[in-house]
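Participant: Features from Swiss-Prot:
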type	residues	note
SIGNAL	1-23	signal peptide
DISULFID	C44-C84	disulfide bond
Amino acid sequence: MKLKFISMAVFSALTLGVATNASAVTTVNGGTVHFKGEVVNAACAVNTNSFDQTVNLGQVRSERLKVDGAKSNPVGFTIELNDCDSQVSAGAGIVFSGPAVTGKTDVLALQSSAAGSATNVGVQITDHTGKVVPLDGTASSTFTLTDGTNKIPFQAVYYATGQATAGIANADATFKVQYQ
């Protein structure tokens, strides 16, 4: 009986340590969470999905872009404005900016890389009226705002500035909303 009691005591002591160890909390370093945003005093707020969007222009054969002014098929994208109050502003235009192709203020230059970039091609943006949007601080055509959510449509094309050569053809533009 005494041996059984001692065996039970030893077993209990050993398993108690295991049970305690199994329930111990382990904490490791994680990372940083960046919260990004802005409080605005304007007619609308830009939807978070419109901040950093990617417009996929796809693959276009260089043969299609072999002369100055040749274009690819247009690809649509929108800039969405939320919580709009048409009493504050009746309309909005979008101002795009970015590096323009030399001599063409309405064609966005491609990002240059050491090797592998397409040449003699850029990106051109048109607004909801079909008007080409310059990159010089001029706003797109005014879009009439309604209360609530507004989706302002645009289109982008590859635009040849000469005989295009094959390669990566990425470009970046920033935008601002100009309320009118």
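Including glycine, each Cβ sits where the backbone N, Cα and C put it.
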Participant: Among the disulfide-bonded residues listed here, C44, C84, whose Cβ has the fewest other Cβ atoms inside 10 Å?
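Facilitator: Relative to the other disulfide-bonded residues in C44, C84, C84 has the fewest Cβ atoms within 10 Å.
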Participant: Hey, does DSSP put C84 (disulfide bond) in a helix, a strand, or just coil?
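Facilitator: Going by the DSSP assignment, C84 (disulfide bond) falls within a strand, counted as strand.
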